[in-house]
Amino acid sequence: MSLKCKSQRLFLFVVLLFIISFNTHLSKASNTIYSGQSLSGNQTITSQDGVFELGFFTPGKSQNYYIGIWYKNLPNKTVVWVASRNQPISDPSSSELKLMRYGNLVLLEQSKTRIWSTNSSSNLANSTVATLLDNGNFVLRDTNSSNIIWQSFDYPTDTWLPGGKVGYNKLRNEKQVLSSWRSSEDPAPSLFSVEVEPNSSHVLLWNGSKLYWTSGLWDGKVFANVPEIAIDYYVKNFTYISNENESYFTYEAGFPTALTRFMLDVTGQLKQFVWRKEFPTWSLFWTKPPRQCDVYAFCGAFSSCNQNVPVCECIEGFKPRTLADWELGDHSDGCLRKTPLECENRGNDAFVLVTNISFPVNSEALTVGNIDKCQLVCLRNCSCTAYAYDNECLIWGSALFSLQKLPADDKSGRNLHVRVAASELVGTEAKPKTKKKTVWIVFGAIGGFFTLFSSILVIVWRRRHKARDDTLERVEDSLVVFKFRDIRNATKNFSEKLGEGGFGSVFRGTLPNSTLVAVKSLKSLKQGEKQFRAEVSTIGMIQHINLIHLCGFCIEGKQRFLVYDYMSNGSLESHLFNKDSNVLDWKTRYNIAIGTARGLAYLHEKCRDCIIHCDVKPENILLDGEYNPKVADFGLAKLLGRDFSRVLTTIRGTRGYLAPEWISGEAITPKADVFSYGMVLFEIISGTRNRDSVEDEMAKYFPYRVAAKINEGEEALTTLLDTKLEGNADVEELARACKVACWCIQDEDKNRPSMGQVVQVLEGVIEVDVHPIPRFIQGLTDNPMVPFVYQEISSSSSTVS
């Protein structure tokens, strides 16, 4: 009897071990779901190196749950893939993502009803595993081989990760497309989508069946309409692959210390985001199309789009169709009438005037004599929703889409008359028929009075402001030509000076639309108007996130002004050397160093004609509200011609940054900017002027101190830091900055790196060896107490090539 009990206990123990070892739910962290296992509740799997995580999640403040993949270690959950976009779950604890015996991965809700699956299968039972990889790809594969049965990269949602595909699978006759979320709380696919045109390798953006943006031709390196790819340091091997099985675009991450992703936003815009450890937030690298209002029907029906906030506004007499979605940023349902039209009931409708707008699509042109007849045609047609008259009659017979509210100074704006119920104009409900005639008589009398009064005002206004319509003139679709009186009014008669240099003064200004600008006056300019306009137009076409944006210019008599975006945080110089300013921490300084290098690299390597800045210094590095750097005054060397060299070499604040070739009389190349950048980088590290220590004694000259310390190891470099940082800096970044700065100030320009290489060094893509000590620093080593004096340079000693 005792032996029998022992046998039973042994059997139960073995069974218990078997059950524990083959638990159908995951009990510990893993990157794999095995056959028969499932995820439920708050269980997740994590990729091998902890980059991505998969499990149930709730978007925003929503109460719905979905299966998705997100970056594991970022502070805010950034979801990159969603399994059941159209089928949310209310209770994840009673739902499960399960890998079935024959290789099908299914999502079961509370009642064990299947709401999503991979529709995959394997010939052998229990031979399939589901693994989350470190590139964000979720794959089903055979346990005994690398054969992939199914992968999430073949079914992207709104995000395109490195290694993923956007294209066409010829074997399955399936497109790999991106489709945006409906809103920040609803991952269901919206009408916005990205796909590849297989015959021409164009990337296309669609709103339903309406194409609203194309990437342009792919030449093997860059898209015609996405020049940013050529300077995208975060992406490499951007490639189009086409064979008998599939055709698609793919890419790789530029370097391991940064994360990058392409995303089709809820706005309908394709965006590239970058996350760098030294600046821990998602930074927007580029957006296509760049203007929100260029997305077809972004604001839905009977709503106008503008570049201000709010972006979408219902036309007068209309209201959001779905207010909850509208408040979440989903405007696709558009607006509906507050009051139904009366046309079908033989009632009278009216028209609300929408001014300064671009016309909606799908108009019909009619031949009628005047605007009154055009209105009458629309009024008699119950399906007519709007009309316009500008030398011809245009009517619209359906809902109005893609209306754009234009800026006040845009002369292409038109007037549109939108049909509404008459009660919307008088502010009451529809009147009985007996009152309608009276209402229209009152309207007619009031309208006649205001027409006469407006005509008188227009005549007086035109006499007082002759040619005012010509005040703002568009050049190359980007620059504005200002009249001198506009400049004077914007700057309040030049009352608020921001700074002054050898090329003129800079004043703060405010445009009529409340936009803040910085107005730079250029003195002693001898160029003719035609040449000046040509040069400025060239500068205005240069667009980069780390270059100051030129808004427009003024040329009137001998007056020359450049109008730039206003940078709220001023110049780098004011933050580094002003004792009363806020201390820039190391992360911010390093971000400024990298951004400045990117801006200069773009000028040197990515513009149609190489642009040499010639005056790189902290005063010409401006900071926006987020302390992102913007290189200013680029293009002045070409704009000012020979006067530039004469003025440049007499500015005390500039001489400390000039390369030796300015003294030797050799031709000036982009490597002169590299030298100047190296000097600026030293000052970013030290927080002091290089030349201040020069005027004291050579042993304190900062480039000399770096050259002496750099061989003592990375830890020794922390003694070089700005004392205000109290030693708080990333030692690896500090070492990179010190090394590349020393390379930048080499005597021979051929020994200096290019600005593109500087960017790669600072980003950790490439490494550099210890530099040779420049000759001018070697001279200081022989006699460290001899003060160093910069030579004055004649205006004809160097030429800018």
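Heads up, the Cβ atoms here are built off N, Cα and C, so glycines get one too.
Where the annotation comes from TrEMBL, it is an automatic prediction and has not been curated.
Lifted from TrEMBL, the feature list:
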- 1-29: signal peptide (SIGNAL)
- 30-153: domain 'Bulb-type lectin' (DOMAIN)
- 343-421: domain 'Apple' (DOMAIN)
- 439-461: transmembrane segment (TRANSMEM)
- 492-774: domain 'Protein kinase' (DOMAIN)
- K520: ATP binding site (BINDING)
**Prompt:** Going by DSSP, is K520 (ATP binding site) part of a helix, a strand, or coil?
**Reply:** strand
**Item:** Number of Cβ atoms other than its own within 10 Å, given for K520 (ATP binding site)
**Value:** 23
**Request:** Report the mean pLDDT of the predicted model across the domain 'Bulb-type lectin' (30-153), rounded to a whole number.
**Result:** 91
**Item:** Summary of DSSP states over the domain 'Apple' (343-421), given as helix, strand and coil counts
**Value:** 13 helix, 32 strand, 34 coil
